[in-house]
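Read the structure below first, then the notes.
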Amino acid sequence: MKKGINRVVLVGTGAVGCSYAYCMINQAVAEEFVLVDVNEAKAEGEAMDLSHAVPFAPAPTRVWKGSYEDCKDADLVVITAGLPQKPGETRLDLVEKNAKIFKQIVRSIMDSGFDGIFLIATNPVDILTYVTWKESGLPKERVIGSGTTLDSARFRYMLGEYFNIGPHNIHAYIIGEHGDTELPVWSHVSVGIQKLQTLLEKDNTYNQEDLDKIFINVRDAAYHIIERKGATYYGIGMSLLRVTKAILNDENSVLTVSAYLEGQYGQKDVYIGVPAVLNRGGVREILEVELSEDEELKFDHSVQVLKETMAPVL
């Protein structure tokens, strides 16, 4: 790794990977950006196309089609490779197929001498982040999944639409599995400086029934998009960009990534979406918010589903 030069390697040049790559070049987040794919011609074509966007970016990025050997000097390796979710298929349905692919990818990356941070986006992301941690042997804080960052963004966007407040001023988190058992932390939602419960009590224009419908739309958003256009990629591309910036810029920002629990929230030995502080070292710490009794039960259920699903592939 050259001094002052950030290198990011992207493994997987499908729709998600390329959406992320475009975001990275557009905002000039890293000085070096490497694309790796089993389809080398695709990776080369994407690198060529992206490099032609560099003159319009705020700062130069060197982009090229590389190999796993390029991971040796990488600060961050982002994996989006794997089989995509099909219409009617849950993220957990993908587990056995993508776990096998992942084990091979991670071994190849580690054989290069890689000693940076992993960021995983392939579904089921919580389980594949765990697989990456196990296969890599890296410290838990340097293996991170995209978790519920996108779900939390969808949540804030839809709540913002409902309350007619910009999403940057909606403070709300989705935690748990990135999938069907995720849950909203209603007890800690605030709109601007007002707690959600206070707002509901003050203004009968708003009600919990509407809010519950909003969460269902958040949870099922991927299904709705896949039914209409076949895949989701812009939202997750921006989510990965946000996590990347938090890490490379040493921001100490709080994002709901998939992080390893060892006692937090009463759970152990699982990667799952929780609020975590991210900086140049990866996950600095996991923030434990006090959950309501109902939220605690739902979170425990989410953990249980993940553990049962990943048992056969470990």
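Note: Cβ is positioned from N, Cα and C throughout, glycine not excepted.
Marked as NAD(+) binding site by Swiss-Prot: VAL16, ASP37, LYS42, TYR68, GLY82, LEU83, ALA121, THR122, ASN123, SER146. Summarising the annotation, Swiss-Prot assigns substrate binding site to GLN85, ARG91, ASN123, PRO124, VAL125, ASP126, ASP151, SER152, ALA153, ARG154, THR232 and lists sequence analysis as the type of evidence. Among the features that Swiss-Prot reports, beta-D-fructose 1,6-bisphosphate binding site is placed at ARG156, HIS171. Residues annotated as active site, proton acceptor in Swiss-Prot, with sequence analysis given as evidence: HIS178. Residues or ranges marked as phosphotyrosine by Swiss-Prot: TYR223.
Sequence features annotated in Swiss-Prot and their locations in the structure.
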residue	record	DSSP (3 states)
VAL16	NAD(+) binding site	helix
LYS42	NAD(+) binding site	helix
GLY82	NAD(+) binding site	coil
VAL125	substrate binding site	helix
ASP151	substrate binding site	helix
ARG156	beta-D-fructose 1,6-bisphosphate binding site	helix
HIS178	active site, proton acceptor	coil
TYR223	phosphotyrosine	helix
THR232	substrate binding site	coil
### Task
Whole-number Å only: compute the distance from the Cα of HIS171 (beta-D-fructose 1,6-bisphosphate binding site) to the Cα of GLY82 (NAD(+) binding site).
32
### Task
Whole-number Å only: compute the distance from the Cα of LYS42 (NAD(+) binding site) to the Cα of ASP151 (substrate binding site).
29
### Task
List the Cα distance (Å, whole number) between GLN85 (substrate binding site) and HIS178 (active site, proton acceptor).
13
### Message
On a C-alpha basis, identify the one among ASP151, HIS178, THR232 that is nearest to ASN123 (NAD(+) binding site); the candidates are the recorded positions.
### Response
HIS178
#### Entry: 10 Å Cα neighbourhood of VAL125 (substrate binding site): matching recorded positions from VAL16, ARG156, HIS178, TYR223
HIS178
### Summary
Nearest to THR232 (substrate binding site) by C-alpha distance, among the recorded positions VAL16, GLY82, HIS178, is VAL16
### Query
If you count Cβ atoms within 10 Å of the Cβ of ALA121 (NAD(+) binding site), leaving out that atom itself, what do you get?
29
### Message
If you count CB neighbours within 10 Å, which one among the binding-site residues VAL16, VAL125, ALA153 has the smallest count?
### Response
ALA153
#### Entry: Integer Å distance between the CA atoms belonging to ASP151 (substrate binding site) and the residue listed as 'phosphotyrosine'
13
### Message
Quick check for the class: what is the C-alpha distance, in angstrom and rounded, between VAL16 (NAD(+) binding site) and ASP151 (substrate binding site)?
### Response
16
### Query
Where's the emptiest Cβ shell within 10 Å among the recorded positions LYS42, HIS178?
LYS42
